[in-house]
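Some features that TrEMBL has for this protein:
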- 181-267: domain 'P-type ATPase A' (DOMAIN)
- 72-92: transmembrane segment (TRANSMEM)
- 104-122: transmembrane segment (TRANSMEM)
- 134-153: transmembrane segment (TRANSMEM)
- 283-304: transmembrane segment (TRANSMEM)
- 310-335: transmembrane segment (TRANSMEM)
- 618-640: transmembrane segment (TRANSMEM)
- 646-667: transmembrane segment (TRANSMEM)
Ligand SMILES: Nc1ncnc2c1ncn2[C@@H]1O[C@H](COP(=O)(O)OP(=O)(O)OP(=O)(O)O)[C@@H](O)[C@H]1O
Ligand SMILES: [Cu+]
Ligand SMILES: [Mg+2]
């Protein structure tokens, strides 16, 4: 690896803080506008300072506190400065919206303040020429002030909700101690460096530990227990060394580090747009046109039936109150909460949009080996029909390169291999493995293969192992003679039963799908109380069965193996076991970091709450306008005398976004 490249990656890691800010910018970028918080607060301060003299010299409800020659010119000057200086965030926002041909909230605000400004200039010129008229200078100033405050509050709210990434970034310490005694910046670290990690310090990078230590990884994996690390175990940058100093060797840095990958996932999950969100965007677009039409209509109507300046006032209110901020934030705010809550519960969301389908779920299809069982097979018995060969040796030789859990247990049960020559090894999906050992061709096959190919075998000898619910792997030669078999077993995970019961309690039917034999499947199913199961499946069968169930309702799939990936991709929501194969992990919607199937129950509950919050927010964000726009247009005025001043309209608009963000923050979840 060339050094420059590597340094660049490390640099990326350091920039995680910036990355976080950029993310928020993206969110604020809804209608194509971008605002800077610091800039905005300066513009707000200027507007507030100029607003005070304006308050004294402007007519408010027909009464002016201070009147002196030239005071009208002064109003014009102050108002113009406020409009052109403090109003710019809205203008540039509107420009962006026009460019992307999606007129929305910034356009509405710009229309509102521009109408108010133009009319005030006109009224001031008229009154200088002796015509009396009402002007909006004070309204204009307060409107801009409140809009700026509203948007500042809202930006802060988003930042608060989006803290997940910042929390992750702050986990990594700034410096690392080299074993040689020197302290270096993280950016100077290289793969292979030996580091010293002191007691109660954060681990600076991913690497192999060279002694023993107790490490708290809760901030990364969500696992609350401290993990006892032994020599050559992996430790992750960002976790906490709890008891004694240790040395470690750096293995991964920067972009490839575990923490950075988590951060990337969080970022991706937040950037995805779901159906609900696209709907919100569309409604926000419609609101612009609705406000435009209603605004113009009320302008014409009230000019005819009342007077022009009252008509203008109401038109401005309509534009301002319709600003669909609450709508635009309804979903993103809930999403930021979702990602951080889930991460704390050991759930990594890779594709959150599928979680919105949670209420359709009626079936949970799951794999057996590695998902419900721990996938650590133990060889129980080796039955060798031959005299001249050691079948365990041959089988271990064939399995040497396989990642299948059965393969790994056979390899570890065998004595260290003698000089066997292993060639042309090939997996037989759903069956086993084949290849040559010392020039002789062999296959490892399962029980199903034996029956389907009608090989002769001693049924009696097998029956007792099947009764025990063991998995059996047979060794056959080129002539398809059965040379012997190995009976293996693994045991259910400790929380598998709680998981199944949890699903049943939620009205979700668990179904086990396995490549293993029927007898083993039956044993596990009845031990765990699983009502339906299918066994002896080929890898492609699992996805087909998922489709079959999907005709009836939404389907969850939980799996770990290569043979589970098609099903994971097909399912409505796919969950991969964190300790599973990388293929399974990359196709899943959610990764169970702690490899406990029962964490799926947490995700179900969190998703349901998330969906409820999103819907509440969308209804509120859209519903508020159904009432607010007509009232702002003066519909109540003829009967009750009630109308909405632009100032009040701006306050209501801000309050509506605050309500939406408070509601989103209310998304909480505590594991029972
Ligand atoms: N490398 C292998 N060595 C021995 N047997 C194998 C091997 N690969 C597959 N098999 C046989 O094929 C069957 C199906 O394998 P597959 O990987 O599809 O499912 P599985 O991992 O056993 O079970 P599950 O689907 O529950 O995870 C296994 O039960 C086993 O009998
Ligand atoms: Cu707004
Ligand atoms: Mg499996």
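Keep in mind that glycine also has a Cβ here, set from the backbone N, Cα and C atoms.
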Interface present between the transmembrane segment (104-122) and the transmembrane segment (283-304) (three or more C-beta pairs under 8 A): yes
Per-residue pLDDT averaged over the domain 'P-type ATPase A' (181-267), given as an integer: 81
Selected stretch (most C-beta pairs under 8 A with the transmembrane segment (618-640)) from 104-122, 134-153, 310-335, 646-667: 310-335
Considering the transmembrane segment (104-122), which listed stretch of 134-153, 310-335, 646-667 counts the most C-beta pairs under 8 Å: 310-335
DSSP residue counts for the domain 'P-type ATPase A' (181-267), split into helix, strand and coil: 20 helix, 30 strand, 37 coil
